[in-house]
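Trainee: Quick one: this structure, given as structure tokens, is what I'll be asking you about.
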């Protein structure tokens, strides 16, 4: 069994002001995405300036934050937020849903593309390889917060999370780290390598949706579902799996359509 590193969720306190690691992870993810996007900008569109890229990253970040929070409220704990709406603003305590953030990003990309002469999938293909940076950083934030841990296990790398998070004090799968490895590192490598060669429009987006959906669906088998939801069917189906299944099917559909519709191969290497 591995010891859980006792990390204070508050990274820095200045008087009454507290800066949480969870929030810093979002900043690291956004900064990392901007850095990679700036390195690939000329291959995407030589006419775009760094200022326009910064505008894109800003609106996508707003989509992630607003969509992620509203997605958690709607998909995972709507009754609690109806009873106490002020909880919606306590984002430092966690409670963000990737699938809601993904919808927020799609809306922001569609809106920004319309204003800047880019199609929805041109922007999504450009953005997709950057997303795992934010996903990986977010999972580290979950780990520091000692939230979203896995089921009890006797594997050598099991961890006992703090009593405030897990009163049962059982050795558990560190599922946040599994998701960091799959949704962060592995997905980044897949998309980075895949997007280095010219691909038809929608192909990179399809790869993102397919592999994120697969990775999330698999990890859900060892991750404890949110207590207020539990398992939704057959004693093992979780909300995360239900929301990931359309991504898997959608990713397959996008890849099939990208490579089978009648169009020339476009030089969209990123």
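Backbone N, Cα and C define each Cβ position, glycine as well.
Per Swiss-Prot, the feature transmembrane segment maps to 10-30, 56-76, 92-112, 120-140, 174-194, 202-222, 236-256; the stated evidence is sequence analysis.
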Trainee: Six or more residues beyond either end and a Cβ under 8 Å away: which residues meet both conditions relative to the transmembrane segment (174-194)?
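Mentor: Residues 2, 128-129, 131-133, 135-137, 139-140, 142-143, 147-150, 157-159, 203-204, 207-208, 211-212, 215-216, 218-219, 222-224 contact the transmembrane segment (174-194) from elsewhere in the chain.
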Trainee: Using a Cβ-Cβ cut-off of under 8 Å, list the residues of the same chain that are 6+ residues beyond the ends of the transmembrane segment (236-256) and lie near it.
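Mentor: Sequence-remote neighbours of the transmembrane segment (236-256) are 75-76, 99, 102, 202-203, 205-214, 216-217, 220-221, 223, 225-226, 229.
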